[in-house]
Amino acid sequence: MSDSEDIKIKAENETIADGDPSEDEEMKDILKITSLKSLGPFIASQENSQNTVYLSDVPVVCKDKPCMLGVDEAGRGPVLGPMVYGISYCPLESKQALIDLGCADSKQLTEEKRDIIFNEINTLEYANSCVGWAVEIISPNVISTSMYRRAKCSLNEVSMESAMGLIQRAIDAGVNIAEVYVDTVGPPEKYQEKLLRRFPSFKITVAKKADSTYPIVSAASICAKVTRDHALKVWRFPEGLVIKDNAFGSGYPGDPVTKRFLTENIDLVFGFPRLVRFSWSTAEKALADKAYDMEFDEPDTEKPKYAGTKLTKFFKGTNKEGEVIREECRFLKQRHLSSVHEF
């Protein structure tokens, strides 16, 4: 891609990030991501308090020939914004296409380079004719409520379920998967065992730093990272906040810009906007220091003295002849009523 094309892409992204109201109706019609330009409008058209899953069109060759599939995530550590899981797949014989695209660990690439590779995956014929991808944008609201619910779900569990869900979606879409490569969360051995139980017919490799070892995982990493970056650029606050250029920093707890955003955007009663993962210790501390203390009534734990007649009472009590003996209904007894017919 030429420098002029690169500048054009960045200009288009800046326009999208500005959130021009005149573009709202156009954004609602974005149903497919066919380039970097359409990524931001697609994300902006979704409800950011819920998870969003997107699958690219499956290349025909990926249905016919055995494929490798890579899995990686972006945004696991930040206190702000979604975590994004991504998969990428291509035929085993098409590995060179990934190398030609420049797929490498997304953390080692500049933002501009990641954007270029993502755009080329979707626009260049040699790439989109053999490489497919999918992402799940996991809402910060969903992350926090999962970790806080009564039957707690850890971030590792959220991650694994997302990864397995994306693999299953690829299978359902007709991708002929033979090998799966995953960048691990937690101990690789346990994660690999869990995946093998779910997908016993695949050759599965789970490894640390898989994104810098396997190009197919690198491609997944790039799709996930670019999607998260643009999700933050087009984030819309249903709470009515106006943050110029969405200037809340990187989202990582140590970022001073992010810290300032947290302290300046606390509702003293209702807490943080949806952008914030309120289950993170950084957010909890900011709330404890500034928000009002709230007390909630505990539910009654004592059983009521009378809970009504147990259902099992109507299925027991017979005489020696086997006839059922039922106690007269309290409702009828109190009103001096009796049954006319026995049933």
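Along the chain as shown, residues are numbered 1 onward.
Positions of Cβ are set from backbone N, Cα and C atoms, glycine also.
Curation plays no part in TrEMBL annotations; they are all automatic predictions.
Remember, it's a predicted structure, so these values are computed and weren't measured experimentally.
Pulled from TrEMBL, these are the features on record:
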type	residues	note
REGION	1-24	region 'Disordered'
COMPBIAS	1-13	compositional bias 'Basic and acidic residues'
COMPBIAS	15-24	compositional bias 'Acidic residues'
DOMAIN	66-292	domain 'RNase H type-2'
BINDING	ASP72, GLU73, ASP183	divalent metal cation binding site
Under 8 Å by Cβ from ASP72 (divalent metal cation binding site), counting only residues of that chain that are 6 or more apart: TYR85, GLY86, SER106, VAL182, ASP183, ALA210, ASP211, VAL217, SER218, ALA220, SER221, ALA224
Beyond the site residues ASP72, GLU73, ASP183: chain residues whose C-beta lies within 8 Å of the centroid, for divalent metal cation: VAL71, ALA74, TYR85, GLY86, VAL182, VAL185, ALA210, ASP211, VAL217, ALA220, SER221, ALA224
Neighbourhood of GLU73 (divalent metal cation binding site), C-beta criterion under 8 angstroms, separation at least six: MET83, VAL84, TYR85, GLY86, SER159, SER162, ALA163, ASP183, VAL185, SER221, ALA224
Local Cβ density at ASP183 (divalent metal cation binding site) - other Cβ atoms counted within 10 Å: 26
Within the predicted model, mean pLDDT of the domain 'RNase H type-2' (66-292): 91
